[in-house]
Amino acid sequence: MPLPDWKTTRRGFLGGGAGAAALTAMAVPLHAQSPEPEPLENYAPEYFTAEEWQFVMSATALLIPSGPTPGAIEARVPVFIDLQLASGFGSADDWYMAGPHIADADPLLGWQSPLTPAEIYREGIAAVNAWCEQTHEAPFADLLPQTQQEVMTALSEDEVPLPPELRGLFDLLLQNTKEGFFADPKYGGNHRMAGWTHIGFPGARASFLEWVDKHNVPYPLGPVAISGERG
Amino acid sequence: MITFLRILTGLVLLGLVVLAAILFMPVRTTPALAALPEDYTPPEGSGEYAMRLADCSACHTAEGGVPFAGGRKIESPLGTIYSTNITPDEDTGIGSYSLDEFRAALYDGIRQDGAHLYPAMPYANYRKMSEADVRALYAFFMDEVEPVSNAGPETALPFPFNQRWGIRTWKWAALSEPGELSSTGDAAYDRGAYLVEAPGHCGACHTPRNLVMGEAGYTAMDGDFLMGGEIDGWTAPPLRGPDSAIRNWSAEDLKLYLASGRNNHAGVNGEMQLVVRDSLQYFTNEDLDAVVAYLRALGDPAAGDNAPPVDPPRTADRLDPSAGGTQAVLTAAEPGMALGPRLYLDNCNACHFVDGRGADQVFPELDGNPLVTAPSATGLIDTILNGAEVPSTTVRPYSLRMPDFGHRLSDEEVAELATFLRSAWSNSADAVTTADVTARRETAEERAAAE
């Protein structure tokens, strides 16, 4: 698998802020309906600690890299995950959590951990960072991009030793990263409908009856969000 | 100088005499239009049915309140009028009303204590109601409705409208003669005329007001009758004449609209929603046919039914790709399109489609829709901001709700969208300004806060 060129050290990200700001400024005339939110580097997480925030910033940037097209960072995926973990999803409000929990049961049997998603992130990030300290002498966010890639690959292949109740960390992170990239912007991610624009999804318009008989003609109009924001 | 003083004194005295006459000359109430025996008993069920015909519950029931216990806010041009308790409670309702006092309220707008009722009570129309229906109503409210003690808020209009004696002079100028309607010999038409002109009080909203704010006509003979009026800032569309949308409806369409609030063209909206919910859906089949016969004769659908061609089974086949105008702009979906059509695609198109024709009995047509093209855009603005609901009825039990778009669109965007709708397809009506929308949004917020 080719490695992405884009790296996400804290320094690199801060340096890239100017470029991102310029990109954003160019995009404003198209959809200047809501004010630009707090830049990511100034964002005060509702759930994550500073260390966890750095981990999530680095990890999501690795999962959906930035390049000629927007990645997880431009789409503000970390904000989406932070807000979700601070809400009912994070505390598993809608889930059956009464047990019995057999954390090392066959994964095909579904969610077996006694921990909520928020707890999985909290304990899982701490465990991965501890493992990184142990093997690479730095927390995940401070590793070189190449090393981060290796750690993330190892995590995805269950080669980072985690207690069974945390084994869902990678799947959860990948799932939430995708959701943050493609969910409606009202949840904090998919900023300016970057994910939708990237794949040509027209958003919450949901009506294309006059196009059903037009074969092999690209649909020209940009997306619309639930809030009515136009892309 | 002395002459001048004499004239002045004379004028003052004359004024005082007139005032005294207005204040103290006993009012003559209208007698029964037909002599029914003292012990006349209305047929079983006729009381409730007469109540449905006259739609008493729509105004005399507060939002979510006990039926007929009053307290509903009625926004009149003079200020807020609260409807009264018409349950047979002795103290706060009409329990102590005699038949004659009850009839005086219906026919002449006179309260038991002699005070004049505001014309929000449609006695201008009820005064043509038959004695049989008056008796039926009286029996219903005295014997079939449970008394409810509810004093309700007192109507307190600003001066001079709080001087109820002034209403007496208004009545002299505005009311028509009481009395039964003349017969044409056509039983269905005559019944329809009675239902529309008397208990149904359609003219209260659908007839324009004259200089003294009276209805400009009360029967089919009057040219202005049902030529369109206004209610709470919304246009009540004309039901006759060249601008009447129902002129192009088939008899079946018109009947279905009355009975269910929906047909292949329109969905009921605004105050009319209450009329369908509380009154029209209870009309018997024969009475609905009578109203339809009358309205169609009145509307003179000379060219026959101008109903559009039957839709193909697949809606996509309806959307002619070679169509021009508005439909072409919407179909092309070019990113550079103007804001109005863009907002239509983003917000309206999923239900109302690029040809603005909606879907039969579900989504109203916007092309040629009288709410869209009304002289007052208030109804259109309110509908976009707050949504709308077609009520559940016996023949069409599912209630249909259009969502509110006020949270999704700014005032500028609503103005752009409304302006687009009013000039799209074959529509041709004035533009809507942002200030119009802002005013309606504030009105809705004030009313919500007052609830």
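Placement of Cβ uses the backbone N, Cα and C atoms for every residue, glycine included.
A 10 Å cutoff on Cβ-Cβ distances gives B:CYS59 (heme c 1 binding site) a total of 22 other Cβ atoms nearby, all chains included. Here TrEMBL flags B:CYS56, B:CYS59, B:HIS60 as heme c 1 binding site.
Look at TrEMBL and you will find B:CYS202, B:CYS205, B:HIS206 tagged as heme c 2 binding site. Cβ neighbours within 10 Å of B:HIS206 (heme c 2 binding site), excluding its own Cβ and spanning all shown chains: 24.
Neighbours of B:CYS348 (heme c 3 binding site), defined as other CB atoms within 10 A of its CB across all chains, total 24. Secondary structure from DSSP puts B:CYS348 (heme c 3 binding site) in coil. What TrEMBL records for B:CYS348, B:CYS351, B:HIS352 is heme c 3 binding site.
Across the domain 'Cytochrome c' (B:42-145), mean pLDDT in this model comes to 95. Taken from TrEMBL, the feature domain 'Cytochrome c' applies to B:42-145 (among others).
The domain 'Cytochrome c' annotation in TrEMBL covers B:187-299 (among others).
Positions annotated as domain 'Cytochrome c' by TrEMBL: B:335-425 (among others).
Marked as region 'Disordered' by TrEMBL: B:302-323.
With the fewest other Cβ atoms inside 10 Å of its Cβ, the least crowded of the binding-site residues B:CYS56, B:CYS202, B:CYS205, B:CYS351 in this structure is B:CYS351. Apart from B:CYS348, B:CYS351, B:HIS352, the residues listed for heme c 3, the same chain places the Cβ atoms of B:TYR344, B:ASN347, B:ASN349, B:ALA350, B:PHE353, B:GLY358, B:PHE363, B:LEU366 within 8 Å of the centroid of those Cβ atoms. Between the CA atoms of B:HIS352 (heme c 3 binding site) and B:CYS202 (heme c 2 binding site) there is a gap of 29 Å. Sorting the domain 'Cytochrome c' (B:335-425) by DSSP state (H, G, I as helix; E, B as strand; all else coil) yields 39 helix, 8 strand, 44 coil. Counting only residues at least six positions away in the same chain, the Cβ atoms of B:PRO67, B:PHE68, B:ALA69, B:GLY70, B:ARG72, B:SER83, B:THR84, B:ASN85, B:ILE86 sit under 8 Å from the Cβ of B:HIS60 (heme c 1 binding site). Looking at B:CYS205 (heme c 2 binding site) and B:CYS351 (heme c 3 binding site), their Cα atoms lie 29 Å from each other. Broken down with DSSP, the domain 'Cytochrome c' (B:187-299) shows 54 helix, 10 strand, 49 coil.
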